[in-house]
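For reference, TrEMBL has these:
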type	residues	note
DOMAIN	249-537	domain 'UvrD-like helicase ATP-binding'
BINDING	G270, G271, P272, G273, T274, G275, K276, T277	ATP binding site
Amino acid sequence: MATLGMHRDFLLEFAALEKPVQKRVHEAFEKFASATHSGLHLEKLTHQRDPRLRTIRINNFWRGVVLKSERGDSFLLLKVLPHDKANAWASKHRASVNEATQGIEIRNDVALERATASLRAVAADEPSRLFTVASYPDKILRSLGVDTEILPIIRLIPDERHLEALHKVLPEQQYDVLLGLATGMEPEEIDRELVQAYAQTAAETPDTSDDDGLAGAMARSRGRVTLVSGPDELMEILRRPFDAWRIFLHPSQHRVAYRGSYAGPARVSGGPGTGKTVVALHRAYHLARRLPADAPNGSILLTTYTKDLAAELERCLELLVTDRTVRAKVRVVHVDALANQTLRTANGGKPLKLLVDQREITARWTRIIDRLGLDFTDVFLDQEWRQVVLAQAIRTPEAYLKAVRAGRGTRLAPLKRARLWRAVAEFEKQLTENGEFTFLQVCSEAARVLDERAGESGGEGTGAGGRPFRHVVVDEAQDLHPAQWRFLRALVPPGPDDLFLAGDTHQRIYGNKVSLRSIGVQVVGRSYRLRINYRTTREILAWAASLLTGEEPDDMDGGDETLSGYRSTLRGARPETLGCDGRTEEIGALVTRAGEWISAGVEPEDIGVAVRYAQFGRELAGALERDGIAAYVLGSGAPGPGPGVRVGTMHRMKGLEFRCVAVAGVSDGTVPMPAAITPAAVDAQRHQEDLESELSLLFVACTRAREALHVSWHGEPSRFLLPAVGPRRGHPVMNA
Ligand SMILES: Nc1ncnc2c1ncn2[C@@H]1O[C@H](COP(=O)(O)OP(=O)(O)OP(=O)(O)O)[C@@H](O)[C@H]1O
């Protein structure tokens with residue numbers, strides 16, 4: 001039977017072609033996908049390393065490169081290149097099969113020979129070695145798929161920089177393994193996360209006895225090769241070439257997203273840009289496809305913590321799931337909106353009166369303190385209420401007296417607790433009398449309603465009377481409050497595949513430290529980490545990670561998160577930092593930089609400007625507009641998204657990404673934002689955690705950049721920048 005595969009490079013190169021050439025590619029390859037491949041004219045080259053590599057004419061200027069099995073009817077679309085380059089590529093490369101995974105690998109023999117010669121010259125003067133026999137015996141490396149041709153070459157590599165230089169030369173999967181080892185992963189981890197993940201696909205391998213095993217090798221190359229079922233699927237993939245994430249999941253992503261079933265809650269974590277959202281989307285898709293035919297629409301919840309992020313999840317789900325019946329099984333809505341709806345429905349449909357203004361909330365605490373003559377501050381009371389009372393759903397003074405106040409830095413003797421409870425009782429009484437709720441109370445109450453209803457219906461089933469969903473998939477899980485967690489827990493009956501969580505504690509920006517165990521979500525043994533960054537260049541990643549030096553966030557499960565093995569294969573310019581004397585000068589420099597990016601061909605919508613204060617963002621947007629550069633302020637309420645450079649607070653940047661990012665106003669006194677930091681005198685632990693959240697916020701903003709990052713300040717730089725730029729005086733400083 002004919003089998004057609006498509007390599008990821010083919011899709012990426014196709015995406016960069018002009019429309020008329022794309023049309024020709026469609027026409028040329030449509031024939032491939034029809035059952036008989038008659039009418040195709042595949043040309044052989046005269047001198048080539050691998051006789052199975054053929055080229056096909058697209059038009060006078062462009063050619064495709066195809067790997068064809070010697071026996072049978074299997075094809076792999078590899079490249080679309082200008083005529084001469086296509087021929088040169090096809091003559092130098094060779095396809096082979098990885099010894100550990102049996103997946104297909106493409107290697108450039110000519111470049112490998114050249115690299116070996118130059119590495120020998122380097123090694124003669126440089127005694128250090130990245131992969132010594134003592135640390136990585138041949139047997140270990142061979143078990144990870146490093147073959148006998150590659151072994152002698154990598155023994156010569158002195159350092160990571162030289163390994164990176166071999167990126168395009170080594171067979172991809174072997175490079176993946178070596179980079180993992182070089183960035184701190186243990187061989188056992190590599191075996192589990194890469195080799196075994198590839199091996200899992202073997203079970204799905206088609207019968208390949210009649211085509212030299214090409215179809216099987218393609219099937220075992222997930223992440224780099226996708227098998228195309230027919231002309232419709234081929235055209236569907238080519239219609240959206242930019243969204244490679246829909247088709248080419250890395251095996252480490254695939255094994256998490258498409259695992260048949262988890263016995264209980266499961267979690268995927270990983271640094272920025274590692275594809276956690278992508279995995280969450282694929283998991284929702286997998287669960288939707290697996291539902292029994294009679295499962296009602298909306299049986300699966302895909303959720304996150306803000307409306308904007310939920311809208312983005314919805315947009316991506318539309319791209320991923322083209323079958324309308326399957327798509328209808330997944331409901332996308334953010335946590336607060338769903339809680340609101342749940343509680344409103346339980347209250348007879350009447351809209352809830354929400355108290356959202358933080359200034360008003362603080363003012364009420366102040367009045368209560370005055371009235372009761374208490375010696376607490378308004379900030380302390382508000383935090384105690386949110387982080388202890390609401391977090392643990394405490395409803396009585398007795399329960400509060402016994403409560404463990406984890407995460408609070410000030411001890412409270414029983415007498416003090418009793419006094420504090422009077423303030424809480426008064427505050428909650430006022431809310432009840434006014435018929436008001438805060439967001440967190442809505443979640444807490446909605447969870448209670450669902451639990452009660454499930455209790456009354458005498459079971460943990462889904463549907464009317466029971467829990468409303470069969471599966472819940474949560475993105476950006478690190479930012480949810482325990483009350484929101486309780487609500488999520490209450491939405492789905494405990495059991496296999498109940499909750500699937502994606503998140504990264506390095507990006508926690510709302511200070512909600514949660515122990516999953518304490519809210520009945522046990523992910524032990526079902527927790528996975530992604531380590532390859534698909535978004536950001538190594539230069540930006542290394543720079544942003546250096547800001548976190550010394551910070552070791554928890555993993556929401558009692559352990560520590562580490563960035564070990566976290567890596568990117570993309571390369572680019574180092575981030576640029578600029579210190580200015582004054583605000584006006586900084587704004588001027590930013591406008592100039594944005595103008596330069598646009599002149600270099602970057603679309604304004606692909607530029608993001610992040611600031612700590614909304615007001616500074618509005619000023620910057622105004623300055624851009626005055627200079628003739630359209631700007632759109634995120635979250636401004638303006639009908640959108642309008643055209644132009646995206647300007648927004650660092651909080652608004654969460655979950656977004658841009659080709660170029662400027663983070664502006666990273667000045668001492670602005671970042672961290674003083675008003676967001678609990679004074680150490682009020683609560684030392686909270687003070688520290690607030691500082692961590694502010695640092696995470698800066699980290700989040702910087703890691704939105706795909707290609708270029710520009711960080712600026714006026715006056716003195718933020719203390720968070722000191723590890724990266726050093727304590728400098730005497731501006732301007734330009735560090736390219
Ligand atoms: N397998 C893949 N193939 C191609 N692109 C991918 C793949 N996985 C992720 N990406 C791309 O990498 C970028 C980051 O992915 P995603 O937003 O899912 O990461 P994330 O871990 O959720 O990031 P963050 O935590 O920073 O929000 C996106 O542009 C996504 O399309």
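Backbone N, Cα and C define each Cβ position, glycine as well.
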Inset, instruction - Just jot down the residues in the same chain as T274 (ATP binding site), at least 6 apart in sequence, with C-beta under 8 A of its C-beta; none if empty. - result: L530, R531, I532, N533, Y534, Y566
Inset, instruction - Write out, in the order they occur in the sequence, the residues of the chain not among G270, G271, P272, G273, T274, G275, K276, T277 that have a C-beta within 8 Å of the mean position of the C-beta atoms of the recorded ATP site. - result: D504, L530, N533, Y534, R535
Legend entry - Neighbourhood of K276 (ATP binding site), C-beta criterion under 8 angstroms, separation at least six: V268, S269, G270, D475, A502, G503, D504, L530
Inset, instruction - Return the residue, from the listed binding-site residues G271, G273, G275, with the maximum count of other C-beta atoms within 10 angstroms of its C-beta. - result: G271
Legend entry - Per-residue pLDDT averaged over the domain 'UvrD-like helicase ATP-binding' (249-537), given as an integer: 90
Inset, instruction - Quick one: give me the count of other CB atoms within 10 A of the CB of T277 (ATP binding site). - result: 20
Legend entry - Local backbone state of G273 (ATP binding site), from DSSP in three classes: coil
